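Annotated features in TrEMBL:
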type	residues	note
BINDING	B:His31, B:His33, B:His86	Fe cation binding site
Amino acid sequence: PRLHTLLAKNNRLGGPGSLPKGLGQAPLGRSLRVLNLSGNRFAEVPPALLGLRGLQSLSLGGNRLHGIPPDIQELRSLEFLYLGGNFITSIPPELANLPSLNYLVLCDNKIQSIPPQLAQLHSLRSLSLHNNLLTYLPREIINLVHLEELSLRGNPLVVRFVRDLTYNPPSLQELAGRTIKTRNVPYAPSDLPENLVRYLSLASNCPNPKCGGVYFDSCVRQIKFVDFCGKYRLPLMHYLCSPECSSPCSSASQSSTSQSESDSEDEASVAARRMQKVLLG
Amino acid sequence: FRYTRNLVDNGNGKFNLMILCWGEGHGSSIHDHTDSHCFMKILQGNLKETLFEWPEKKGNGEMAKKSERVLRENQCAYINDSIGLHRVENISHTESAVSLHLYSPPFDSCNTFDQRTGHKHKVKMTFYSQFGERTLC
């Protein structure tokens, strides 16, 4: 009745009835904090455990999961979720409804995309995505302000960005928005549809101090990649307001990553500009 | 959240002896060893070591894998810069791993390499703990 930690890894659990149906009921439902079912044969997250409201740590690493049930959001107290080494192909947006999630491991799966809603996991500090099938990351991922660690190796990711997004001019909406902002064209909320008013309010100033431009879909963020030893910061992306901003903008991040900027200089200038235009499509 | 480096002995400045603790799925970057000798012994669990060739001067393509092997408990490995570069990973999703590392002479920075491009980046290495005391940085 006061069971706190249950470790049942490396067994042959996975068939129907592997876990007792009443697992989620009181008192176990409220006392269990840590559950480790890694190295078993579960083909789906056993529904019985979704009632464990007090569960803080769940590991289902090294099983045979093909997906994550949306009802995972029922595990309201979850802080640590390890799902590495399965066959998961996609992530339900409901995963983002876990308010206390700090540590999310999804490495060694078959994930093709990350839902943008994942950016709502404000408490997320570590995200492991290495060895998946990701070709891009959602732009919103930069909203994870508390993210300290992110592993992305072994995804067909970075090179794809650079090649496909070389020539991606701003949309007409963006160009119009930039003109309105830089020329101070007056407008009132009653003049425009609500969505455009909101869009215009999202304008940001180009970090390049020599450039007075604004942009709408951009950011300069630095997130640590755990693939590197020690403390190491690598810009996740650069986003510029115009091609003319390429070199000065790189100096904006030079304060924290001097070495990576010298790498950019070593590259052919065209490739350097491409890297700086990495978009999260 | 990631593997920890725990200094055990600094051998009067002649070497660094440390214990690395790898959680499930934890791995290192591809790195060099700053002209030092590096010995590694597995104390618990298993670690996969992937060897890479040094990239061309102006690295501009996927780095070439030389070989890979899984080191078992009590196995030892050695590497230095003339042998090549490596990535060390705990590929288990159920077991953690512990390894003992000896570096001589000691070094506190190395280069990490992007597998996709061969570009290198110098990084300072930090300790999670030293002589049993947590190192805050």
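Including glycine, each Cβ sits where the backbone N, Cα and C put it.
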- Note on the structure: So B:His31 (Fe cation binding site), by the Cβ count within 10 Å over all chains shown, scores 23
- Query: In the structure shown, with every protein chain counted, which of the binding-site residues B:His33, B:His86 has the densest set of Cβ atoms within 10 angstroms of its Cβ?
  - Reply: B:His86
- Message: Quick check: with B:His31, B:His33, B:His86 left out, which same-chain residues have Cβ atoms within 8 Å of the centroid of the Fe cation site Cβ atoms?
- Response: B:Ser28, B:Ile30, B:Asp32, B:Cys38, B:Ile79, B:Leu85, B:Arg87, B:Cys110
- Query: Which of the binding-site residues B:His31, B:His33, B:His86 have a Cβ less than 8 Å from any Cβ in chain A?
  - Reply: B:His31
